[in-house]
Amino acid sequence: MIQNDLFLKALTNEKVSRPPVWMMRQAGRYLPEFMALKEKYDFFTRCRTPELAAEITVQPIDIVQTDAAILFSDILVVPQAMNIEVEMKPGVGPWLPNPIRSMKDVDQVVVPDIHEELGYVMEAIKLTKQMLDNRVPLIGFAGSPWTILCYAVQGQGSKNFDIAKGFCFSQPEAAHKLLQKITDTTIAYLKEKVKAGVNAVQVFDSWGGMLSPQDYQEFSWYYMNQIVEALAPYTKVIVFGKGCWFALNEMSKSKASALGVDWTCSAKNARYLTGGNITLQGNFDPSRLLSPIPTIKKMVHSMIDDFGVNNYVVNLGHGILPNIPVDHAKAFVDAVKEYHPHNN
Ligand code: CP3
């Protein structure tokens with residue numbers, strides 16, 4: 001039914017003529033068309049207005065022509081729905097005026113009715129599906145419980161999320177209670193997204209790499225795996241842990257359909273750690289899109305040589321940066337479409 005189903009084929013380990021390509025944060029600030037809407041509407045208005053969210057989601061499909069769309073939204077709409085106030089401060093990023101710091105604070109956090117609090121996301125999905133008109137699949141997403149806890153407790157972005165880690169290590173009972181509430185909300189939220197029409201979901205563990213391998217098991221993977229188990233019967237689940245190469249082996253034994261890899265882990269090592277067959281997604285250094293276009297194309301071709309054509313989704317190793325020229329982003333996508341084995 002979907003005209004370009006390369007992405008879904010890669011997630012089901014089917015043979016493909018070339019790997020599919022999309023970019024994390026592809027609906028974003030490197031696109032002038034996005035910046036034009038950013039001038040007029042604040043961040044959460046863009047997230048909450050289905051017409052705007054759908055338009056922003058489809059922009060990269062029309063402009064850089066990736067093989068999948070990812071819904072424009074944010075991982076922080078989930079804590080917002082859980083009675084945690086979240087603002088997006090221009091130039092600063094996420095800002096939470098009342099961060100969670102005690103068991104009493106955790107008790108104020110609710111597991112919401114998804115339709116009541118996040119119905120606007122489902123409306124955005126339905127509208128986006130209409131606008132995509134079956135051209136490419138649509139990806140839905142959520143943050144991992146650990147990554148959401150990072151913001152909920154720290155109160156803003158951070159280089160090391162020291163307050164969030166301190167909270168987990170000094171008040172583990174409160175931390176686990178919060179992580180379970182986020183997990184329960186996320187499972188219900190992603191199930192609704194599937195019902196609304198997304199074709200796959202990705203769980204972003206952007207700050208998993210802040211934890212030691214042992215703490216990662218306790219404070220992140222234990223909860224992410226609950227989400228994977230709960231969603232796997234309904235859709236394809238992609239797990240992306242930034243800086244989490246140490247967990248790839250464990251992840252490869254889960255019900256996830258694909259695992260994201262960042263640029264600090266080689267294709268060879270990622271294949272070795274995951275046993276060779278599970279679909280991997282990644283891992284171009286986002287800053288490498290600043291290289292001259294011929295260099296980008298050459299590097300993309302050798303990246304595909306390294307990961308292999310099958311069981312692979314071409315992506316960046318993290319989100320695209322705002323200072324990337326649009327023609328460089330387009331060259332990244334074109335390089336994948338022009339790929340022929342050993343053509344470089
Ligand atoms: O991938 C896509 O194109 C879909 C849109 C998307 C956004 N945020 C839009 C956004 C996705 C998938 C996210 C996920 C997200 N949000 C993550 C996980 C992915 C990652 O990059 O690690 C995280 C950690 C957040 C939290 C967040 N939202 C931060 C830290 C910031 C500010 C810093 C930044 O990168 O801009 C945001 C704001 C945000 N979310 C913007 C966009 C396009 C930029 C601000 C704006 O448009 O006003």
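The count begins at 1 with the first shown residue.
The backbone N, Cα and C atoms fix where each Cβ goes, glycine too.
Where the annotation comes from TrEMBL, it is an automatic prediction and has not been curated.
Look at TrEMBL and you will find 20-29 tagged as domain 'Uroporphyrinogen decarboxylase (URO-D)'. Positions annotated as substrate binding site by TrEMBL: R25, Q26, A27, G28, R29, F44, D74, Y151, S206, H318. The annotation site 'Transition state stabilizer' is assigned in TrEMBL to D74.
Positions of TrEMBL features highlighted on the structure.
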residue	record	Cβ within 10 Å
R25	substrate binding site	17
A27	substrate binding site	23
R29	substrate binding site	15
D74	substrate binding site	16
S206	substrate binding site	22
For the domain 'Uroporphyrinogen decarboxylase (URO-D)' (20-29), the number of residues DSSP places in helix, strand and coil: 0 helix, 1 strand, 9 coil
Site diameter for substrate, Å, by largest Cα distance between R25, Q26, A27, G28, R29, F44, D74, Y151, S206, H318: 22
Mean of the pLDDT scores, which run from 0 to 100, over the domain 'Uroporphyrinogen decarboxylase (URO-D)' (20-29): 96
DSSP-derived structure type at S206 (substrate binding site), helix or strand or else coil: coil
